[in-house]
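Here the structure is laid out as structure tokens; the discussion comes afterwards.
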Amino acid sequence: ADIKTEAAIKGEAAIKQQFLTTKEKFHEFVDLEWQSLNRGNSNKDEKSVDSDETNFVEPDAKKAKLDREDQTERKSDGKRLRGQNKSRPHIKPTTYEEKRLCLSVIQENKVCTFGDKCHFYHSVSDYMSTKPADIGERCYLYDTFGRCAYGFSCRFAKAHTTPDFKTVENADVIKACEGRTSVKNSLSKDLQNRLRKHSVDFKKSAEYLKTLLNNKEKKTHKGNAEAPRGSAEEELHVTHGAETPVQVQNIALHYSGGPQPLGRGPLPERTKYYRSLLVHGAKKGWGRLHCSIDNSTSVKTVGPLTDVDVIRLRPCEKKQVNFNDKLYLPLTTCGNLPFRRVCKRFGADITCGEMAMCTNLLQGQQSEWALLKRHESEDVFGVQIEGCFPDTMTRCAELINNNTEVDFVDINSGCPIDLVFKKGGGCGLMTRTRKFEEIVKGMNYVLDVPLTVKIRTGVQEKTNIAHKLIPEMKKWGVSMITLHGRSREQRYTKLADWDYISTCSKLASPVPLFGNGDILSYEDAMMAKETGVSGIMIARGALIKPWIFTEIKEKRHWDISSGERLDILRDFTNFGLEHWGSDTRGVEKTRSFMLEWLSFMCRYIPVGLLERVPQKINERPPYYLGRDYLESLMASQNVGDWVRISEMLLGPVPKNFNFLPKHKANAYK
């Protein structure tokens with residue numbers, strides 16, 4: 001009776017009576033079962049596991065909002081623990097291996113450039129005597145590609161090395177993979193050096209920024225007459241390279257042979273007049289004309305007017321992407337390439353890389369460029385960038401346009417974190433409409449692919465401003481808008497406002513608008529589609545259960561077994577080893593991202609255990625025992641139990657291993 005009363009607390013998911021338990025009984029069961037499963041291990045291994053587990057503390061059960069005022073767990077300054085774990089310890093994966101094998105030995109027949117000063121092993125036998133034990137008998141990289149680039153440093157080296165320290169290759173598999181590029185958008189050394197030396201040419205960005213500067217200077221000189229800017233002038237500005245409305249007039253003046261009152265009269269007449277003059281000029285073979293801001297006379301360029309000049313970067317001529325009725329996965333937390341591959345297998349239609357800072361991309365930072373990488377399975381792929389100034393965002397867009405293969409570029413103006421917001425980026429752009437407009441138009445000017453924008457309902461909780469921005473963004477040339485149904489202040493508290501999303505989708509038409517917020521089942525998705533949105537964006541729901549895309553497309557609840565969930569984690573492990581490497585550094589990096597994902601995945605409650613289907617995203621799970629041991633282990637909110645799951649796939653953790661999840665939303669410490 002006490003358990004039933006406890007489970008009926010508001011905000012907790014309703015689980016069948018026979019599965020409910022208490023915190024003490026839950027951990028007693030999980031610990032005893034784990035010890036019985038690992039009795040075959042040596043005493044040394046048991047001691048190391050036990051010593052590691054003592055570093056992990058499970059948080060208290062999450063309290064209902066009304067009771068949180070009595071929460072005793074607070075910082076020294078009196079504030080409650082919440083939000084991001086900014087002060088968590090960060091251990092680089094390189095520290096897990098005291099001394100590594102030199103790259104010249106791994107790549108074979110390569111001379112070490114450091115000579116006697118090199119601190120790494122050059123003797124394979126010496127390295128193998130100190131190397132940690134192999135994790136398994138099969139190497140995923142060797143089985144997939146016919147060779148393993150990590151050689152003896154691979155933690156599965158037995159699969160492709162001989163006892164006399166020679167590497168093995170599978171010629172048939174290598175031949176089958178010949179010419180295949182599984183991952184695109186890597187940063188080349190040549191481009192990185194040119195970015196660091198500031199020798200990359202941003203020609204189109206310079207054109208747009210000059211236009212921007214000229215327009216601002218024009219506004220400061222009251223004596224300079226300027227024609228009213230309408231739709232006709234805007235179109236001629238984009239299609240014929242005129243840098244200001246005055247220059248549009250000058251082109252027409254040159255074609256007509258004399259001054260005309262082009263800035264006066266009804267807009268339709270001016271539109272017709274401009275178009276007829278420019279079409280006539282194109283037929284006559286007149287060149288593109290440029291006019292300086294201080295000289296009103298036109299100067300003809302050498303050569304005829306080409307088709308490229310006439311249709312340059314018109315929005316209708318950009319690469320088109322069909323966004324309608326698609327499932328969209330854009331994640332900044334855990335949205336790495338291996339995780340996206342998992343979601344693609346379950347039916348995600350559109351994927352997007354993790355948010356990248358435009359300034360870091362322009363500086364050629366390897367870690368930031370890694371966020372732009374695209375796997376061959378991602379058929380519709382975009383990148384999301386963050387910035388707060390037109391010059392850097394426009395240059396970054398041109399850089400991406402010229403050096404990567406993407407289907408669209410997304411401006412993340414919905415990021416709520418302080419680091420981004422306080423400098424004017426993310427949600428900060430929603431309150432800086434003039435800068436926002438300049439950024440969108442500048443990026444559109446240099447991009448050959450669609451430009452999309454991600455926003456929230458607003459900055460303050462009770463002040464929605466998205467409905468004011470959306471009509472403006474349609475004029476700026478945005479190809480798709482994604483709206484998260486919460487404000488910046490709300491972050492992820494309270495329910496998403498789908499009524500407001502419905503209103504905004506009508507305002508956005510015919511531009512596609514995707515809705516986002518609180519979707520954890522196909523029923524949630526069906527209700528979201530009834531609001532009239534063009535598509536659905538799924539973020540946290542995919543982290544909790546990546547098979548949600550299959551559920552939505554097949555319109556069913558999937559009572560997935562614990563074994564199937566472990567297979568999903570195994571796929572992620574293999575993809576991670578392929579992406580980050582199969583040596584100790586790659587293994588531990590894969591483990592850290594898996595543990596971050598498990599901090600979300602533990603919130604999932606199997607369908608067969610629920611009294612009421614489906615589970616809601618804002619309902620926290622009470623303590624329960626699953627239908628088997630693995631299902632119970634996956635339900636644990638103890639970091640040590642997540643480590644146990646990772647050890648099933650990636651072997652024992654190193655002695656100096658430590659992990660804390662990125663967010664304190666569940667009061668982990």
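The chain as shown is numbered from 1 upward.
Any Cβ shown, glycine's included, is placed from N, Cα and C.
Note: TrEMBL annotation is automatic and uncurated.
Just so it is clear, the model here is predicted, and its values are computed rather than measured.
According to TrEMBL, the feature zinc finger maps to residues 96-125, out of the candidate ranges 96-125, 336-365, 426-455, 516-545. Cβ atoms under 8 Å from those of the domain 'C3H1-type' (138-163) belong to residues 100-101, 105-108, 124, 127-128, 131-132, 169-177, 574, 577-578, 581-584, 586-587, 651 of the same chain, restricted to positions at least 6 beyond its ends. For the zinc finger (138-163), the model's average pLDDT works out to 93.
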